[in-house]
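A short write-up of the structure that comes next.
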Amino acid sequence: MASCPKAIWSWRFQRVVFRSVQLLCFSILIFELMTQKEVSAWTYHYSDKPYSWNYSRAFCQKYYTDLVAIQNKNEIAYLNETIPYYNSYYWIGIRKIDNKWTWVGTKKTLTEEAENWADNEPNNKKNNQDCVEIYIKSPSAPGKWNDEPCGKRKRALCYRASCQDMSCSKQGECIETIGNYTCSCYPGFYGPECEYVRECGEFDLPQNVHMNCSHPLGNFSFKSQCSFHCAEGYALNGPRELECLASGIWTNSPPQCVAVQCPALKSPEQGSMSCFHSAKAFQHQSSCSFSCEEGFTLVGPEVVHCTALGVWTAPTPVCKAIACESLESPVHGSMDCSPSPRAFQYNTSCSFRCAEGFTLRGADTVRCADSGEWTAPAPVCQALQCQDLPTSNKARVNCSHPFGDFRYQSTCSFTCDEGSFLVGASVLQCLDTGNWDAPFPECQAVTCAPLPNPQNGEKTCVQPLGGSSYKSTCWFTCHEGFSLSGPERLDCTPSGHWTGSPPTCEASKCPELSAPEQGSLDCPDTHGEFIVGSICHFSCNEGLKLEGSNHVECTASGRWTAPPPSCKVDTVSAPAPGLRCPSLIAPNQGTMSCQHHLRNFGLNTTCHFGCKAGFTLMGESALQCRPSRQWTAVAPTCRAVKCSKLPVTEPIVMNCSNPWGNFSYGSTCSFHCPEGQLLNGSERTACQENGQWSTTMPTCQAGPLTIQEALTYIGGAAAGTTGLVTSSILLALLRRRRRQKDDGKSPLNPQSHLGTYGVFTNAAFDPSP
């Protein structure tokens, strides 16, 4: 927005003039509101108070017509000269609507030639300047426009229209001018107030013409309309309606009425006509009668009359020869008639024939007799019949019969059941000779390729439909010492393939063997195939006895001659001296249970370990004494279950007892707060066997301070301060005295070599230099 203009007069003189103008305008406004008198010219008005744009428009619409709508440069100059200066300027009737500057009173978009913006305007600062002000008496841009936010407060510049409801007699457009208005008359009107209507004048009516008129604005004046019609028997020659135009001229000349004329008639062929005319030939009220020659009949009325509409009461009749009923070509055939192929008159003869594949049923020629009847009924064309299909070919048939069952162009398709295939054509058609186009097909069973007997085996088959045909099943077996590799059964499928490849017979194998625990295995089959005839020998380590056969053989059935043996302690022979393991004891906080076979902790002794609640076993839960006189693992231990470390923050104080290690099962911790604070939570917690503390960590919170405690704290603080000063003085004196007696020795180390607070080393053995 442009800055306010500089003062031209002294500020005192400006203030006096401004207040006087304000008072005068306000007085005029009050007088107009009280009298509510009509004015006869376009006048301008403004508010004495500033308002927002919306409120300013409401003010103008309430007391006047609307915010001012500027029409030309002269109006701008007039406003700038007449309206007093106001530092915030005036709102006018332009606003941005749908992003276009629009005159709000007429809803018309501001055109480029009507723009009167100040330099660099509109600039739309902050994207919200949607309303327009006018710089009245601005030194830098008088009468120019500027866009401003609609919420700013400015004076409302209003206008009161000169045009009223009855201006220009409601027959013209009232055009506002400064202090007056002019009338632009609508077409058909004239005069200063458009009070006169243009006239077209009357006209003489021709003979036999009747007229009916309407005169909304005066006799034979603008918008008068006249319609015309004629007496019966006469037709209108010219326009049916006339209208008086805005130019004072009728739309056309008046019409005339002429006598109605019917079309001329002629005698029908093979007949005659006789007419009576009242005036001219074939005019209104003329009549004509008709008759036919012998052998013909009249089709139509015997007499016709010319009507007032200029048409005959009926079409002209004709004389028609006696004819037989119409014939049509038979379906799938043709017809040839003479002498007339369409009229079917007396003595007309028609012959018939059929298309290929069809035969004629009925007379091939008929004739129209003098009785009007044909000598025989019309024939029909029937499709040729083919032989019926046999029912013994085992095929499924699906047929279509366009002209009847198994007749010409009948088509049949053949399919076979699962496991069989069609031999012959899959589709047959009935030809125009009455024969099928191919022999009847048949279904034959699907066959699979013959299966060979497996080497070293046998094959057994069941074939219900013949050799190796669909639904055949074969079973396979192997000779002794051989096992079947592949399917035991094969079936012939509908596709002509077996359900799998033929199997083979391979040499039988026995299950794989392994050495017994604390023993060995010796087999001649180095590749571990364990085929029929393989022999394996077993043995045990020293001090053990073989239980079972010491050798086994693989038989033709694929089984060993005996189960694999095992190695056990020899209870008959005395064990080797000293064959025992070191003695074991139960772990601390744990248990031990042993099973001794020969002696305590002897060979094969097994010991099981466990821990008490709150402890976890670290190591193997079971140990066994081996022949090497060593246990299978190191003896396990029991370790206490750990709880999470408790976080201690000031000012809370914690004391813990840890019988099995810091923060372990059985650890208990107690809590207390300094004097003057309260414990929020449990004062004791314990580490449980599940590794969780029994309660959550408590906290300290400030408690109420009594007068006695306050005095105690103040007194203690004072005493502490005094003691600190006294101690400092004494310490300074003591250090000064000791420096005088220093013999070169180092002072005692106040920290124990054990790292324990409050325990000091002997000065005689202090290693410090």
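Placement of Cβ uses the backbone N, Cα and C atoms for every residue, glycine included.
Keep in mind it's a predicted model, so treat the numbers as computed, not measured.
Together with Asn123, Glu133, the carbohydrate site in Swiss-Prot holds one more listed residue from Asn99, Asn146, which is Asn146. Among the residue ranges 80-89, 560-569, 760-769, the one that Swiss-Prot annotates as region 'Interaction with SNX17' is 760-769.
The disulfide entry in Swiss-Prot for Cys643 points, among Cys581, Cys594, Cys687, Cys700, to Cys687. Taken residue by residue, the domain 'Sushi 2' (260-321) breaks down under DSSP into 0 helix, 27 strand, 35 coil.
Per DSSP, the secondary structure of the domain 'Sushi 1' (198-259) breaks down as 0 helix, 27 strand, 35 coil.
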